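One structure is given here, and the rest of the page talks about it.
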Amino acid sequence: MEEGNRSTVTEFVLLRLTKSSELQLLLFVIFLAVYSTTVLGNLLIVALVACEPHLHTPMYMLLGNLSFLDFCYSSITAPNLLAGFFIQAQIISYRCCMAQIFFFHFIGGIKIFLLTIMAYDCYVAIFHPLRYMVIMNQAVCVGLVGASWAGGFIHSIIQVSIIVQLPFCSPHELNNFYCDVPQVIKLACVDTFAVELLMVSNSGLMTLLGFLVLLVSYSVLLAKLSTRSSEGQAKALSTCASHLTVVTLIFGPCIYIYARPFRSFPMDKAVSILYTVVTPVLNPVIYTLRNKEVQLAVRKLRKLHL
């Protein structure tokens, strides 16, 4: 417990997305529809991958994991966003705030590592199709997915371990609709320059390097594929372009938030909404639901239940 002019903070106040009462109902309806679509779309993909035998391949196993992570990622923040439209002062306890930061970065870290694995899977599927099932066998796939979960846990626990050692003082208002590292650190009672440097190195630098690696990888793949004209290569070209779109949508906002000094800018909340609420609803459409095999599985599921 801090003494003197430092008070022990037991809760934080999350500020509303907007103070305009006219916009609140409209935004609530829009974001409720987006979140509901996110839940239904991603859980549908998880169910299809789990239930359809012909989707029990490494590629669809990775896509199923990504859909599950998108469902979890959105569920960590979207309920706070929706509740904020009706609660004047949304209170979150200190422990719940730390837990939210942990799970938010845990899931986010897994997604970053998983997208890297998916880039490798895409490379093997395109350039080594005859050896694909040998290289990306079930044991390798499970091991890579397990490694991504371990990497996400290590990334998140490091951040939370640093934050919980900081003393916090009043006022304790977070200028966001959920708890995150940049806003929480700014409420600390001590000089946070070294802590911010550690956080930027842990989150920002990791995200930036991961994005550059994936950008170069997919650019090389697209360049090689553009020289071929077969129907199969056209399909592979479309797949790589879709993957690159998702990578940009996920990594771009993260780089904006975490790879810079923790200062407030007018676009911060809009960018947070983009990568926590909007992107998870786009991933099923971009990655999976356009796939013919998935569409066939959806039709089979409909016939089965109808």
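Yeah, the Cβs are placed from backbone N, Cα and C, and that goes for glycine too.
Per TrEMBL, the feature transmembrane segment maps to 25-50 (among others).
Taken as a whole, the domain 'G-protein coupled receptors family 1 profile' (41-287) shows an average pLDDT of 86 in this prediction. The domain 'G-protein coupled receptors family 1 profile' feature in TrEMBL is assigned to 41-287.
Annotated transmembrane segment per TrEMBL: 62-87 (among others), in sequence order.
The transmembrane segment annotation in TrEMBL covers 99-120 (among others). Using a Cβ-Cβ cut-off under 8 Å and counting only residues 6 or more beyond its ends in the same chain, the transmembrane segment (99-120) has close neighbours at 62-63, 65-66, 69-70, 72-73, 76-77, 92, 144-145, 147-149, 151-157, 159-160, 163, 178-181, 184, 203, 206-207, 210, 213-214, 217-218, 243, 246-247, 250-251, 254.
Annotation source TrEMBL lists transmembrane segment at 132-158 (among others).
What TrEMBL lists as transmembrane segment is 205-225 (among others).
For 237-258 (among others), the entry in TrEMBL reads transmembrane segment. Counting residues 6+ beyond its ends, the transmembrane segment (237-258) has Cβ neighbours under 8 Å at 108, 111-112, 115, 118-119, 122, 126, 180-182, 199-200, 203-204, 207-208, 210-211, 214-215, 218, 221-222, 225-226, 267-268, 271-272, 274-275, 279, 282-283, 286-287, 290 in the same chain.
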### Non-local residues, at least 6 beyond the ends, that sit with Cβ under 8 Å of the transmembrane segment (62-87)
14-17, 24-25, 27-28, 31-32, 34-35, 38-39, 41-43, 45-46, 48-50, 55, 100, 103-104, 107-108, 110-111, 114-115, 117-118, 121, 141, 145, 177-178, 272-273, 276-277, 279-281, 283-284, 287-288
